[in-house]
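**Student:** Copied straight from TrEMBL:
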COMPBIAS  1-11  compositional bias 'Polar residues'
REGION    1-26  region 'Disordered'
TRANSMEM  133-151  transmembrane segment
TRANSMEM  171-190  transmembrane segment
TRANSMEM  210-227  transmembrane segment
TRANSMEM  264-283  transmembrane segment
TRANSMEM  363-381  transmembrane segment
Amino acid sequence: MINPTSTVLTPPQSPTFHHKSFGTSPTSPLNVNSNLNGISTVISLGSQSVNPPILPDHPSHTTPTFGSLLSQPVTRTVIVLTVIQSLVALGGKFPDHCTAPSHVYYAGQYSAMLASPFIVPLTPTLLTSAQQTLGTALLLAISNIASLALFEERLTAIFSGNGSCIFRNLFIAIIALVLMMRQVLGFVFSRALGWQFPQLFFSDSMHECNLGLAPFLFALLVIQALFPESSSNDSKSSSPFWTIRRIYIQVILCLLNVVPKTIVWWAASGLIVGFIVALIVSYQRRMGRWGGKVKTSAFEKQQWEDANPILCVEDEEQSMALIKEIDGEFLESTSTTPSASHYHDVSSTGPAAVRERKLSFTIYKAVTYILPMIFLLLALLTGCNQLHTFRPDVSSELINGAIEPNTPFLFTFVLMTAPRKNGVTYIKETLTSYLDNFPDEAVDPLYSRIQIIVYTHFTDFEGYDEAKAYFDTIPKARKHVKWVREEGSEKNQRKHLVSAIRKIGTSEDSVYLGIMEDDFPFCADGWQKMLNTIYDANQKVPNHCGAFIATGGSGLIFKRSVALTASFILENDVLAHERGEVVSPPDISLQNCMLGKHDYCSSCAGTMVTSRTLLQGHLGYNSSTSGEGYHRSQFQCGWRHPF
């Protein structure tokens, strides 16, 4: 038997040994004293005492060199991929534009999506779509690589022995999840929720340009929030500034990505994935994996100390048994060592209940560390998004001077009207919504450049006669409204459109010719948003063929020459229909022309401009002249645009 008075034993290293405190008998030859905060542990064997080494709560901090940061496995691989892919893009081969969910859903550009994290925009096309300058693109590329290197250095140390492999696998998983999440957000907040819940529709969720490492860095920032630097460790570091300020440096480096443009959906994907992965990391470390219980953080120490006392007692008993085995003696329990019966009642719920409480507590504590970081980043992202997306309303002076000021008319709206079932008519309501937005005074530059022509192809149309008699008494209407009636009684929308477009398009010298229906009044703010849309179209898509601000056959504002071209498409449809062939409805034919899907309008491909939401409501949802209808809440003011 070993004599405790003459032999000093050093217990084996054990994670449990360093995290728990336990009581001992004052009369026992082996005494273990531990303070409650788990910092110092003294083991007494008879008259001798030893202080076993204490594992630090955080990895020791040494200031890394720039070269060592860039030579880390993941950072080195990302640099190589970025250089190769950016040079390929610079050669104009692939990709030729920004990636976005719209390109993935509608064009199947999955390869461009996979390459997007490793592309630095260098070509004029990519720089324009990414809304960056060459200098900004290079600056962001350098800062993102530096940020990734800092994350890898920090988290690899936290994950301990196999940290490099764990970080590599974690980063690959984050990339895959972020790319998937970005496509999901694009679909949910545009085509899914946008139909029935217009307030949850965001067109940028589908069309926002996504390039670079930003979302993956945001995800790593959330994960690193699990491991805050404690002040005690910072004060002992050889480089206090490096350790204390590192988290702030990394936050700033991440937020540099929002300076040139909004990336709220791109970054939000990273925050969501970061939240999920952080919970997984917390659970794995709680289970003793991924560096857990070996190099613990302040978060995990607090989590353990606040946990159910039953767990502490179980570990105390295990630690005592280990020491007794080393000493070769069986120490009987004393009054200072808690007995099993003392805890019998509180532990009667069983191991399963204890594990359940332990897991739920782990998740709760992880969330308390993660959510503040997520809320902070979301607030900053939202604020930057508001700054980037804020657009002042276009003034009449600005739009008048910017779009062919020498052409007599800027807008000529053709209001198509025809008898409806049950004799209902909406001409008064619709025309009033136009006149309410037209300028009242001649000093307004648009006063003499806007007109509306009410057109019908029916000789006997009581609603038309009543509306004309009413508006002829209003001075503003006499200034801006013209009335055109063609003789006839045939209900043929294609023929009516062909006749109206050719008659008005050849007689009125106007920049735009708008095809409108008599049951689509402007929304409360629709007119101003229409002006904003037309102005943006001329600034950003100079060769556009028109803008679409409503739905169906209303709200199609063509360039006058394109409208005349579209009349030939409708004329061919009339002839094909008379031959018994199946042809598209007239509104679809007009839309296809603006989309560039017809040979006559091929030059319009890729130039169509739409408003973010529908700028006109629909009064005749249940009294369409085509015999179709839908619910009164559908396709109304504020709904997302179908395109």
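Cβ from N, Cα, C; glycine included.
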**Student:** Between the stretches 210-227, 264-283, 363-381, which wins on the count of C-beta pairs under 8 angstroms to the transmembrane segment (171-190)?
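**Tutor:** Stretch with maximum Cβ contacts: 264-283.
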**Student:** State, in range form, which of 210-227, 264-283, 363-381 has the highest count of Cβ pairs under 8 Å to the transmembrane segment (133-151).
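**Tutor:** The stretch with the most contacts is 210-227.
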**Student:** Give residue numbers and ranges for long-range contacts of the transmembrane segment (210-227): same chain, 6 or more residues beyond its ends, CB-CB under 8 A.
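**Tutor:** Hits for the transmembrane segment (210-227): 58, 78, 98-100, 116-117, 119-121, 126, 130, 140-141, 144-145, 147-148, 151, 154-155, 158, 170-171, 174-175, 178, 182, 247, 250-251, 253-254, 257, 263, 265-267, 269-271, 273-275, 277-278, 281-282, 297-299, 366, 369-370, 372-374, 377.
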**Student:** May I ask for the residues of the chain that lie six or more residues beyond the transmembrane segment (363-381) and have a Cβ under 8 Å from a Cβ within it?
**Tutor:** 218, 221-222, 225-226, 228, 251, 254-255, 258, 263-264, 267-268, 271, 274-275, 278-279, 282-283, 299, 302-303, 306
